[in-house]
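What TrEMBL records for this protein:
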- 3-126: domain 'IFT81 calponin homology' (DOMAIN)
- 168-202: coiled coil (COILED)
- 226-253: coiled coil (COILED)
- 354-378: compositional bias 'Basic and acidic residues' (COMPBIAS)
- 354-388: region 'Disordered' (REGION)
- 409-476: coiled coil (COILED)
- 506-561: coiled coil (COILED)
Amino acid sequence: MGEQLKLIIEQLNREPFKKNFNLITFDSLEPTQLLQVLNDVLAEIDSKHAIDIREEMPEQTVKRMLSVLGLLKYKPPGNMPDVSDFRKGLVTGSKPVVHPILHWLLLRVPELKKRAYLARFLVKLDIPAEFLQDDIINDTFHQYEELVEGFKAYHKECEQLRTSGFSTAEIKKDISAMEEEKDQLLKRVERLKKRVESVSNHHGMLEHARQLRVEKEREEALSLQKQEQKHQLFQAEQRLQRSQQQLKDLQQAAGDASPENLMKKLEEENKINSYMVSEKLPKELEAMRHRVRYLQKMTTEPAMGQADVQELEEKIKEVDMQINQMIDKRMMRSDPMDDKLTLYRQQASIISRKKESKAEELQEAREELASAERELKQKSSQAPAGEEVIRDDELKRLVGKLRSKGTVYKKNRQEIAELKAEYAILQQTEEILKQRHESVQQKLQTVEAEKGISGYSNTQEELEKVSAIKSELDERKGRALGDMSEMVKELNSRIVDQKSALAPVIKELRLLRQTCQEISQEYEEKKAQYESCAAGLESNSSKLEQEVKTLREETANEQNSYHYINSMTAINEMQIQRAAEEMKLYVSSDPQERKKAIREVYMKNIAEQELLGKKLREQQKMVRENHSSNMEQMKMWRDLEQLLECKKQCLIRAQRRASIGQVIQEGGEDRLVL
């Protein structure tokens, strides 16, 4: 809260507010003064709020502030969920209400200014529906909506221009540079006019040059038109190929189309939709409602501690134990009829689960289809006018062209790199030659100065340059006149050739346009036939798939039940056989045969185990009785062992002391002790 107050005071002390507040003065403001500060901030965002709140009623002030805060999309803090409390705090100028508003507004002043400006024009008027029945009011309202849409478009263009990077200074600089270039071009044109006026028949030459320029422009326009027509022709051929392919597909698929199939398909779709509406969607809605109720219940309950969590875990364990006990009881008193019905229950549950999964898959497929259609519409709307969406084959062709152009680009780039390297070498050679030329010129000037004829070489070079320029100008004049006449003749011949070459192409294009119109009409008719045939085929295929699916499921279920019954029969037969053998052995009068019975074997094992247990208990009793005496005896033996070990060590040490300087034999070895 302290950081919030510091930021509010810091922003209010800056431009354009200049309030000169500190923590004490701002905190000691009265409610009306605090509301006036809030109103000043709102007035900075929107100038129509620049009023004194003492001159209007409190209800009007609160209503005005709430409306502008709603336009600015302000949300009250989380600790104040009730709107009435927020309104009451705003009326009384409560600090916990006004301070967060000031903090939020002062952090976003530029953004909120823009939002308030747009809200002035984009917030539509709320006109009752009964007033819109009037034609004049309805037309005016439509004009108003069109103006709002126009304002949106203009504002968007304005923002794009602002963010495009162009500035007025750069534009002015470009304009001035273009004016300078224009002046230079005008000067050059004037100089060229003066130079051409001295030539005889210059008006005719200028007219020929003008005609040459016009014909060149016309040739470029014709070439562009030719390229466009080629492109349109290529697109028409592509459309024709696609329509022919679609026509073939339709002809192949139009075998079994009939109204009965269409009706069956519609009935199946109706069944699917009715299942979705009556069973699946209500279940999902009920589950969502249950989840919402559960979440609301969780939000209303107080926070849980560790003890509460442990208590809940213990309750869950107790409930699990009760459930397991109930399951055991149910299995113990299970009815044979229930056992027979479990198989059908399992099959019914499996079918219901499969039905739900297929319904979910159908819903996902419909959503994917809708998203694909939206994406297709968006891509087609984004495509330029007169152009179609690129197909797969066209895209592959374009990729191939791009790859070939990429190889050409790499070769050209390599050639450019080689030329740049050669250019660098030539520049270096030119610099070396210039240095040599300068050294030779210096030597020549020194020699001329010694001979007393300084400047002779420069004068001679200038005279040679003037004579060369004069001869070159004469040659240029002669060549220019000849070239112009030849160029005019060549242009006239080219124009005639182009006209004669384009005449059959134009005729072919007219014929192609007529054929294209006829093919498009035929395509529409075939398309309608194809759609009807496709609908019938789809209904037939879906019906057959459904029948095959149900038959496969029935077959699988019957096979499962068959194998289950066979296995249970074999198990029952084995059990009956074992019971018969056991009964035969038990009833037999032969004692040896009786001993082979399972009952006798188990009784014998039980007797042996009881005898073994009796012996072990006696041994345990003896061990317990003798445990204390045995432990004492073991302790005495350990003490005796330690005593003997100690005596042994003492004896070894005494022998070592007594045998110094003697030879001792230990373990087959002789050892001399010094």
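Heads up, the Cβ atoms here are built off N, Cα and C, so glycines get one too.
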Tally of DSSP helical, extended and coil residues in the domain 'IFT81 calponin homology' (3-126): 88 helix, 0 strand, 36 coil
Sequence-remote partners of the compositional bias 'Basic and acidic residues' (354-378) [C-beta within less than 8 Å, at least six residues beyond its ends]: 272, 275-276, 280, 389, 553
Residues in the compositional bias 'Basic and acidic residues' (354-378) grouped by DSSP into helix, strand and remaining coil: 25 helix, 0 strand, 0 coil
Reported mean pLDDT - the coiled coil (506-561): 83
